[in-house]
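Here the structure is laid out as structure tokens; the discussion comes afterwards.
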There are 2 protein chains.
Amino acid sequence: MSQDFSFTVHATDGTARKGEIFTPRGTIRTPAFMPVGTAATVKAMFPQDVRATGADILLGNVYHLMLRPGAERIARLGGLHDFMRWPFPILTDSGGFQVMSLAKLRKLDESGVTFQSHIDGSKHHLSPERSMEIQHLLGSDIQMQFDECVRLPCSDDEAERAMRLSLRWAERSRKAFRQQPGRAVFGIVQGGASKPLRIESAKALAGMDFHGLAVGGLAVGEPQEVMLDMLETTLPHLPASKPRYLMGVGTPDDIVQAVARGVDMFDCVMPTRAGRHGLAYTPFGKVNLKNARYAEDLSPLDADSTCPAARDYSRAYLHHLVKAGEILGMMLLTQANLAYYQSLMAGLRAAIGDGRLTDFIAETRAQWAAGEAASRPQ
Amino acid sequence: MSQDFSFTVHATDGTARKGEIFTPRGTIRTPAFMPVGTAATVKAMFPQDVRATGADILLGNVYHLMLRPGAERIARLGGLHDFMRWPFPILTDSGGFQVMSLAKLRKLDESGVTFQSHIDGSKHHLSPERSMEIQHLLGSDIQMQFDECVRLPCSDDEAERAMRLSLRWAERSRKAFRQQPGRAVFGIVQGGASKPLRIESAKALAGMDFHGLAVGGLAVGEPQEVMLDMLETTLPHLPASKPRYLMGVGTPDDIVQAVARGVDMFDCVMPTRAGRHGLAYTPFGKVNLKNARYAEDLSPLDADSTCPAARDYSRAYLHHLVKAGEILGMMLLTQANLAYYQSLMAGLRAAIGDGRLTDFIAETRAQWAAGEAASRPQ
């Protein structure tokens with residue numbers, strides 16, 4: 001068996017692709033959704049239950065893990081996989097995004113970013129070289145270049161400056177990754193909401209020796225149309241032979257639309273965060289379990305689900321748990337949401353394989369729109 | 001198969017008893033520990049995982065459930081067992097204790113207690129008749145009389161007044177229970193820290209037609225010696241043919257000592273509450289996972305446990321989860337603690353059956369005292 005990281009496209013349907021990423025720790029079926037395991041745990045989930053929802057890979061965060069418990073400590077403890085009891089593939093975010101969104105007193109220059117921890121105010125420095133070193137210490141299977149992500153809307157000048165800095169950091173990140181058999185490093189397209197900048201970034205990164213390419217700096221406040229426009233502009237300039245990862249996206253509809261345009265990988269806190277706040281994603285759209293209409297509703301979230309949380313517990317019970325602030329409510333809704341996201345990905349993969357993605361998307365969106373009435377026997 | 005509630009003592013060792021309580025929903029091996037499922041959930045636990053720790057029965061609270069989601073609502077939804085997906089026996093506390101410890105603006109008279117909800121300030125009334133009605137609506141397998149529980153220390157006059165009121169409420173509770181095939185109602189001995197009062201209460205209750213007898217009003221602030229002294233005084237006056245339940249107790253050592261004195265049933269929030277606050281109960285004593293000494297400790301809580309939470313996760317990971325306030329830390333420690341409590345009960349039952357309870361207790365206490373050094377291979 002080859003121990004090399006590889007990507008194979010098995011089927012296409014329009015611009016959408018169905019494939020497999022091989023890593024020594026396991027095969028990732030694409031299009032893939034990666035649950036977010038920020039601080040070495042997918043919040044409120046046992047690792048075996050994350051696996052049971054259908055996840056082939058999850059995401060860890062350099063920013064959170066470097067601050068607590070620390071990358072060197074995790075390395076001494078045998079690496080992130082053993083530490084959190086997840087023996088399957090892990091992709092790590094390089095920390096650039098969280099430094100911008102969470103850290104205090106940031107100071108950015110060509111070398112990298114100096115910042116204060118949001119936890120205890122301690123001072124830290126991240127550079128392309130240090131981010132890659134941390135990802136190596138964690139033992140990450142797919143490592144991301146260190147980049148600068150700007151919030152939208154921003155001026156084209158600002159987007160251009162950050163994009164060019166990210167390209168220089170891409171070269172340094174790629175060099176710092178060196179050769180790690182079985183592991184991969186991905187570059188990240190930036191360029192704000194500017195088509196010329198996105199194209200320039202994509203072309204430059206396509207010319208570097210990355211194992212995959214990500215699109216960053218989207219789903220950061222812009223309308224869905226802008227995001228899809230940027231994808232349509234960017235993806236044709238990325239090599240078809242490499243996996244394409246849309247970072248931090250998104251709602252089920254964002255994912256469906258992006259898959260249709262050729263994206264292979266996604267991550268988002270939405271299913272897990274929503275689950276901790278009483279919101280369920282289902283084939284019948286979103287269900288807000290705080291709503292009093294569910295107080296005596298004996299139906300489950302989704303009677304046809306293979307997920308126990310979605311199939312076996314009444315909405316009345318989930319409503320009670322959410323109203324009472326019970327941890328079990330968060331556990332069940334997180335599990336149900338991750339299971340729904342994974343079943344959506346499975347549906348997308350099957351539809352691409354069968355050449356009926358357009359129909360699948362239309363049916364899926366119609367079911368969301370029909371709402372929960374569609375979930376009840378008539 | 002008989003559908004009657006029944007209790008059989010299979011073995012004795014000194015004053016300790018090993019037995020089985022039969023209910024139509026399942027058999028309860030005694031001495032038994034009942035995890036507390038306050039608000040229709042054992043906090044941070046899936047019901048199947050509560051079962052997997054070895055629990056035969058769990059405890060629900062009239063006070064919490066009457067306020068949210070409401071007893072009539074639970075009845076309309078099919079009863080507490082279906083609501084919370086726990087098809088095994090449930091014992092319900094009558095609400096007397098929580099009215100005293102949680103509710104606001106209590107007004108107590110012969111009829112019962114009027115109080116304000118700690119959740120929303122709404123006004124409610126509990127009486128022996130209403131408490132029994134609620135327990136019937138919930139579908140509880142073992143129902144408790146409504147009583148008044150005083151905090152220790154208190155004057156003998158106060159203890160006597162509350163004890164006599166509780167006896168009158170015992171008669172009213174027993175009458176209100178009527179006949180419920182397969183279900184039981186227990187009386188509750190009160191009397192503060194006064195031996196004559198405890199004996200009078202026990203004798204009076206022994207003469208009523210209860211299926212079991214509880215000892216209440218202990219572990220409410222008094223030293224362990226006082227509690228054990230009251231048990232030694234009270235238990236000989238309770239009929240040997242009926243199960244004896246020590247309410248709200250306790251630490252592993254409290255339980256071991258009370259079993260030796262003839263107690264058959266226990267409940268306590270300690271293992272679940274401690275688990276949510278970073279504290280683990282193990283065969284090697286208590287382990288405070290907040291302690292920095294565990295930051296790089298790769299050993300599990302208990303390598304010989306059958307509980308995955310205690311056996312498979314490193315103390316270093318548990319330390320990290322606790323420090324980071326992660327829900328998974330609460331989930332794992334709650335599970336490990338309940339599993340330890342249940343393994344302790346299993347050990348006590350086996351020791352009574354083998355006639356070696358004294359040795360078992362000495363070995364168990366020695367292992368607690370030796371601490372975690374005893375948990376490591378030399």
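Here the Cβ of each residue, glycine as well, is placed from N, Cα and C on the backbone.
Confidence over the domain 'tRNA-guanine(15) transglycosylase-like' (A:15-368), given as mean pLDDT on the 0 to 100 scale, stands at 97. Annotation source TrEMBL lists domain 'tRNA-guanine(15) transglycosylase-like' at A:15-368.
Sequence-distant contacts (6 or more apart, same chain, Cβ under 8 Å) of A:ASP93 (active site, proton acceptor) comprise A:LEU59, A:GLY60, A:ASN61, A:VAL62, A:TYR63, A:MET144, A:MET247. Under the DSSP three-state reduction, A:ASP93 (active site, proton acceptor) is assigned to strand. If you look up TrEMBL, you'll see A:ASP93 marked as active site, proton acceptor.
For A:PHE97 (substrate binding site), the number of other Cβ atoms no farther than 10 Å from its own Cβ, over all displayed protein chains, is 22. Taken from TrEMBL, the feature substrate binding site applies to A:ASP93, A:SER94, A:GLY95, A:GLY96, A:PHE97, A:ASP147, A:GLN190, A:GLY217.
According to TrEMBL, the region 'RNA binding' annotation covers A:248-254 (among others). Sequence-distant contacts of the region 'RNA binding' (A:248-254), counting only residues of its own chain at least 6 positions beyond either end whose CB sits under 8 Å from a CB of the stretch, comprise 97, 216, 218-220, 224, 227, 266-268, 270, 281, 340-341, 344, 364-365, 368.
Annotation for A:ASP267 (active site, nucleophile): same-chain Cβ neighbours under 8 Å, separated by at least 6 residues, are A:PHE33, A:MET34, A:PRO35, A:VAL36, A:LEU59, A:LEU91, A:TYR245, A:MET247, A:GLY248, A:VAL249. Per TrEMBL, active site, nucleophile is recorded for A:ASP267.
Within the chain, the region 'RNA binding' (A:272-276) has long-range Cβ neighbours (under 8 A, six or more residues past its boundaries) at 35-36, 42-45, 286, 330, 332-338. For A:272-276 (among others), the entry in TrEMBL reads region 'RNA binding'.
Neighbours of the substrate site: apart from A:ASP93, A:SER94, A:GLY95, A:GLY96, A:PHE97, A:ASP147, A:GLN190, A:GLY217, residues of the same chain with C-beta atoms within 8 angstroms of the site's C-beta centroid are A:MET100, A:MET144, A:GLN145, A:PHE146, A:GLU148, A:CYS149, A:SER166, A:ILE188, A:GLY216, A:MET247. Long-range C-beta contacts of A:ASP147 (substrate binding site), restricted to its own chain and to partners at least six residues apart, with a cutoff below 8 Å, comprise A:SER94, A:GLY96, A:SER166, A:TRP169, A:ALA170, A:ILE188, A:GLN190, A:GLY216. Our reading of the substrate binding annotation (A:ASP93, A:SER94, A:GLY95, A:GLY96, A:PHE97, A:ASP147, A:GLN190, A:GLY217) yields a largest Cα to Cα distance of 15 angstrom. Annotation for A:GLY217 (substrate binding site): same-chain Cβ neighbours under 8 Å, separated by at least 6 residues, are A:CYS149, A:VAL150, A:LEU152, A:ALA162, A:VAL189, A:GLN190, A:GLY191, A:GLY192. Under the DSSP three-state reduction, A:ASP267 (active site, nucleophile) is assigned to strand.
Per-class residue totals from DSSP over the region 'RNA binding' (A:272-276), listed helix then strand then coil: 4 helix, 0 strand, 1 coil.
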